[in-house]
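Q: Sharing a structure with you now.
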Amino acid sequence: MGINGVEEAVVALKLKAASNWWHDVNDSPLWQDRIFHILAALYGLVAAVALVQLIRIQLRVPEYGWTTQKVFHFLNFLVNGVRGLVFVFRRDVQNLHPEIVQHILLDMPSLAFFTTYALLVLFWAEIYYQARAVSTDGLRPSFFTINAVVYIIQIAMWLILWWKYIPVLVILSKVFFAGVSLFAALGFLLYGGRLFLMLQRFPVESKGRRKKLQEVGYVTTICFSCFLVRCIMMCFNAFDKAAGLDVLDHPVLNLIYYLLVEILPSSLVLFILRKLPPKRGITQYHPIR
């Protein structure tokens, strides 16, 4: 055997060892539980951060009601808290029947995650149109209508699957959510990009403007990327069993997926948007209408 043959044999052995490691971890109930508990702990940590920030905002401006900022942090707390509980009881969830109950418990937090970050797109759209002296009266009704349509379609598919399990409808449900994720990614690209360009053209140079420009740029990039990755992964999940996320024996894939599309983006966005609103009397602070 020549030098090239030896090198090829070494590479083949390394690939086989890596493949065996992947399968050994995926097939081990111990590693499955460890990875799911790690995910539960990370979600719990993000939920705790969101709750602490919500309390800090309430203590800072208690005279206002449910502002957009408060609702955003509350939804973050809710989504991450529920997701954490699902992973704590992941093995019990997998044993629930009918099977559609598993899909609901695993997918409902994803829908709520979409609503949470769609609220951020709404907030930016309002700022953008108000700065251009354009009416924003239709934005909130559009936000509620879009969310209502998404939830109604998804719940209708769940009800049909509850009545009769149709494999094609399971695939359609995943493709639908991939489309919803792509829609959210484009929303961030459209309004985050518009707001970023508008702030960039703003004539007054100040520290506040630079910080807001960085904030919008970072959050837009993070959220666009996470929803785009979710869209791509959901397409693979729909058509390739090896990329299945709703099963116990793919814990490594679950760890990578949820880190990339929920835990890491939520953590970064909460950190970037950590600034508290100004106290009353310094500037106006509008409650959500």
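Using N, Cα and C of the backbone, Cβ positions are placed for all residues, glycine too.
Per TrEMBL, domain 'THH1/TOM1/TOM3' is recorded for 18-289. According to TrEMBL, the feature transmembrane segment maps to 35-59, 71-90, 110-129, 141-163, 175-197, 218-239, 255-273.
Describe the structural surroundings of these features, if you would.
A: Residues of the same chain lying 6 or more positions beyond the ends of the transmembrane segment (35-59) and with a Cβ under 8 Å from any Cβ of it are 25, 67, 69-70, 73-74, 76-78, 80-81, 83-85, 87-88, 90-91, 251-252, 254-255, 258-259, 262-263, 266-267, 270, 274, 276-277.
Listed as Cβ neighbours of the transmembrane segment (71-90) (distance under 8 Å, sequence separation of 6 or more from its ends, same chain) are residues 36-37, 39-44, 46-47, 50-51, 53-54, 57, 105-106, 108-109, 112-113, 115-116, 119-120, 123, 248, 258, 262, 266, 270, 273, 288.
Here the transmembrane segment (141-163) has Cβ contacts under 8 Å with residues 98, 100, 103-104, 107, 111, 114-115, 118-119, 122, 169-170, 172-173, 176-177, 180 of the same chain, all six or more residues outside its ends.
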Q: I need to check the long-range neighbours of the transmembrane segment (175-197): which residues 6 or more away from its ends have a CB within less than 8 Å of a CB in the stretch?
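A: The answer is 107, 110-111, 114, 117-118, 120-121, 124-125, 127-128, 150, 153-154, 157, 213, 216-217, 219-220, 223-224, 227-228, 230-232, 234-235, 238.
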Q: May I ask for the residues of the chain that lie six or more residues beyond the transmembrane segment (110-129) and have a Cβ under 8 Å from a Cβ within it?
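A: Result: 68, 71-72, 75-76, 78-79, 82, 135-136, 139-140, 143, 146-147, 150-151, 154, 177, 180-181, 184, 187-188, 191-192, 194-195, 198, 216, 219, 223, 227, 230, 262, 269.
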